[in-house]
Amino acid sequence: FGSLLGICLLTQIITGLLLAMHYTADTSLAFTSVAHTCRNVQFGWLIRNLHANGASFFFICIYFHIGRGIYYGSYLNKETWNIGVILLLTLMATAFVGYVLPWGQMSFWGATVITNLFSAIPYIGQTLVEWAWGGFSVDNPTLTRFFALHFLLPFVIAGLTLVHLTFLHETGSNNPLGIPSDCDKIPFHPYYSTKDILGFALMFILLVSLALFSPNSLGDPENFTPANPLSTPPHIKPEWYFLFAYAILRSIPNKLGGVLALAASVLVLFLLPLLHTSKQRSMTFRPLSQILFWALVANLLILTWVGS
């Protein structure tokens with residue numbers, strides 16, 4: 001899935017650049033500029049649908065990638081793993097600021113709710129939130145800085161990806177048995193490069209099918225209404241890929257406790273290399289660990305379902 005993540009990033013940067021050419025980062029124009037892109041720009045609708053659904057595929061791939069890393073003990077490549085977790089955090093930040101840009105109802109209220117979480121930080125919280133907003137509520141300054149961040153962060157992700165690969169290159173990649181595979185090494189090209197094309201093709205078929213047949217199935221219908229600070233939508237919820245974290249946040253009655261639990265749900269990945277106690281690297285021959293692993297997967301799926 002690593003190669004798929006790379007191609008996801010490339011696709012998102014290309015479609016994003018094309019969208020940025022037609023986008024206006026201003027509260028009075030953002031929503032109409034997105035509508036204009038979809039109606040009047042050649043293939044604008046397609047570019048936007050690919051970009052919006054490409055984000056979903058990015059997260060599908062990264063969750064599979066992390067799951068596989070946990071299952072096969074890849075986290076023992078500590079540097080690679082830690083940079084991977086930082087990549088995940090950067091991706092989540094990018095997706096969040098990007099979701100605010102169309103300036104629909106859910107964009108606005110999502111931004112309000114999530115940035116408000118920073119106010120739970122003792123002592124500096126409120127100052128921090130007003131500093132992030134550039135005022136006393138989510139408004140024009142917030143939108144413009146979010147656009148700047150959404151433009152910048154994908155390139156940060158690309159840079160971190162290179163570091164991620166450099167550290168991976170130090171040790172070589174892992175395998176399902178978790179044993180050294182030096183004797184089985186083969187040239188990357190044409191073998192792996194050809195194998196990766198199959199994954200690219202399958203993912204593109206799925207992505208294009210989704211973008212062409214039901215482009216709005218993963219989005220929130222509230223976002224077809226321009227942002228209105230005076231009317232709160234009945235259910236504020238993020239895109240599906242954040243629902244597990246949002247469910248954790250909402251399930252804890254205390255604000256600071258919820259924020260800490262939400263942060264911990266992702267940051268716990270940093271602890272995995274320290275918590276590995278088995279003599280074997282991979283879970284292939286560890287049925288007990290397998291049960292725990294699949295329980296974790298089931299938990300995440302249930303949280304995602306509950307969160308919606």
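Using the three backbone atoms N, Cα and C, a Cβ is placed for every residue, glycine included.
Quick look at what Swiss-Prot lists:
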{"type": "TRANSMEM", "residues": "1-21", "note": "transmembrane segment"}
{"type": "TRANSMEM", "residues": "45-66", "note": "transmembrane segment"}
{"type": "BINDING", "residues": "H51, H150", "note": "heme b b562 binding site"}
{"type": "BINDING", "residues": "H65, H164", "note": "heme b b566 binding site"}
{"type": "TRANSMEM", "residues": "81-101", "note": "transmembrane segment"}
{"type": "TRANSMEM", "residues": "146-166", "note": "transmembrane segment"}
{"type": "BINDING", "residues": "H169", "note": "ubiquinone binding site"}
{"type": "TRANSMEM", "residues": "194-214", "note": "transmembrane segment"}
{"type": "TRANSMEM", "residues": "256-276", "note": "transmembrane segment"}
{"type": "TRANSMEM", "residues": "288-308", "note": "transmembrane segment"}
Specify the count of other C-beta atoms within 10 Å of the C-beta of H150 (heme b b562 binding site).
22
Top Cβ-contact partner of the transmembrane segment (146-166) among 81-101, 194-214, 288-308 (pairs under 8 Å):
81-101
What else in the chain is close to the transmembrane segment (256-276), if you only count residues 6 or more beyond its ends and a Cβ gap under 8 Å?
66, 70, 73, 75-76, 78, 81-82, 85, 88-89, 92, 117, 120-122, 244-246, 248-250
Most Cβ neighbours within 10 Å: which of the binding-site residues H51, H65 is it?
H51
For the residue listed as 'ubiquinone binding site', just count the other CB atoms lying within 10 A of its CB, please.
10
For H164 (heme b b566 binding site), which residues of its chain lie six or more apart in sequence with Cβ-Cβ distance below 8 Å?
T80, I83, G84, L87
